[in-house]
Amino acid sequence: MNPSCRFASAKHTPFLRNSHATSIFFLRNSHRVNTLVPSLPPIPPKPSSLSILRFRHLSAAKRFATLSSFAEGEAEGRKEGVRAANGDEVDGIAKAFDISSGTASAISICMALAVLSFPLMMKSLGPGLALKTRVLSYATLLFGFYMAWNIGANDVANAMGTSVGSGALTLRQAVVTAAVLEFSGALLMGSHVTNTMQKGILLANVFNGKHTLLFAGLLSSLAAAGTWLQFASYYGWPVSTTHCIVGAMVGFGLVYGGPGAVYWGSLARVISSWVVSPLMGAAVSFLVYKCIRRFVYSAPNPGLAAAAAAPIAVFLGVTGISFVAFPLSKSFPLALAQALVGGTVGAFLVDRIIRKQLGHLLVKSNTPKPEPKEGTVHHNIGFLDDVAGPKGAQLEIVYGVFGYMQVLSACFMSFAHGGNDVSNAIGPLAGALAILQGGAMGAEIVIPTDVLAWGGFGIVAGLMMWGYRVIATIGKKITELTPTRGFAAEFAAASVVLFASKLGLPISGTHTLVGAVMGVGFARGFNSVRAETVKEIVASWVVTIPVGAVLSVIYTWILTRILSYIL
């Protein structure tokens, strides 16, 4: 079977409804999966598609490949190295890291022990608390970890799925890179201040004097969102973690606080993002990929055109990110000037790196070509025309440049995701801890650093154990990706999320990236997008908020009964 089409077949797809079931509860059976769930297929052995950072050997002396090795490639393909016996279950970590099932099981056990023991060393369980409060605080931290674990298992594919699908990174490299950056983003960029009523969905004063009910509702929201995320991750559906937690809190607020407890305007904005996000992502990625085909593929020397386009893309990306997301000054002229300087420095550095790594290929490709004969008719190429891609050495250079660019964009998205989405787990967790330990309802709550680190650890653990499932969907099942297509999708998704958030438009990072991947597929023709996969993804989006709401109501009913005997 052609590896690039492997995920399209019914034989290998994890969307099969008759797959062996696994438990939706992490602590019970999170590290065991069925052999019907496929690993990512090996990248087809093209001379131009070795990963930028692909390991040369699977020995102790592993080295990262340089950019030129990605561009030049090797004739022989290399398998992902997943060991699977006939009919035997294979551990998810073994698939991702090319290790034995025994080693993977040992890692899972160590991780479980760390999950159970780390909270005992955190300040939230420090001295001075009553035994009952310490026990409930310990349970609250585990609820928060469960939600963070599922964020890592599902949402991290936003950053790394396209890089794995295009071959710019192996699955192992993507998991390791994302683990480091997600944890760093959560710890360094995660919000240190939150509010008991998360996401502007619920009115705080409705629950005045109902501390136990609100505490149960926040824990139930974490459990409900985590349950649906884990179910979606098992089938490889990329769903929005923000929508999960919003749906859970809406269900709790509506049933236990009444219609007046919900900000219906905020909920309407969330629902509208189902349409706005994928459409904007698809439109921008369509335009970006068409620009690449028009101005790079159709250039007389596509390799040089790609090398010239890369610094421009870096300049636009770094300038936009610096100005919109990380302004260094409150003064508009000064912030703009600093962003322009940052973009210029980034473009210069990328240009130097590309020319250093690919200089020898650029020299080869820059050989003079014979003059066209008189009378030759030159046809102007339209922006939407289908342009044939370069071949040979030119294709090597183009894929080398854009593969490098794709890894850079994936690293930034991963870091930003860790800083942003950790709040989906840590926000309700911090609110529940504050209520439990006597904090004021509705007031701002300072999140300790160790709690942020706890959320980052949960994201990393979920990514390592189940992240490969959704990465497979983003990278392989929607449309076939190459470094140019993957870069177009990631660059478009990052740009849309950045500027839409700044303008206050309702947006979802997950929905935007899925739409962006579809957009590059549409740029090649409507038949290039696998409709069946898209239908399943959209259906999972539609039911996310209702399912989260129903589960939250059920879990709140159970928890309130349990807490009535404890408190």
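Indices start at 1 and increase along the chain as displayed.
Note: Cβ is positioned from N, Cα and C throughout, glycine not excepted.
As the structure is a computational prediction, the values presented were derived from the model and not from experiment.
Taken from TrEMBL, the feature transmembrane segment covers 104-123, 135-153, 174-193, 213-237, 244-265, 271-292, 304-326, 332-350, 397-416, 451-471, 483-501, 538-558.
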Are there three or more C-beta pairs under 8 angstroms joining the transmembrane segment (538-558) and the transmembrane segment (244-265), sequence spacing 6 or more? yes
Stretch in 135-153, 304-326, 538-558 most in contact with the transmembrane segment (104-123), if contact is a CB pair under 8 A: 135-153
Cβ-Cβ under 8 Å with the transmembrane segment (135-153): same-chain residues at least 6 beyond its ends: 26-27, 30, 115, 119-120, 122, 124-125, 129, 182, 219, 222-223, 225-226, 229-230, 233, 241, 245, 421-422, 424-426, 428-429, 432-433, 436-437, 451, 454-467, 469-470, 566
Go through the chain and flag residues at least 6 beyond the ends of the transmembrane segment (174-193) whose CB is under 8 A from any CB in it; none is fine as an answer. 53, 96-97, 152, 156, 159-160, 163-164, 410-411, 414-420, 422-423, 426-427, 444-447, 449, 452-453, 455-457, 459-460, 463-464, 467-468, 471
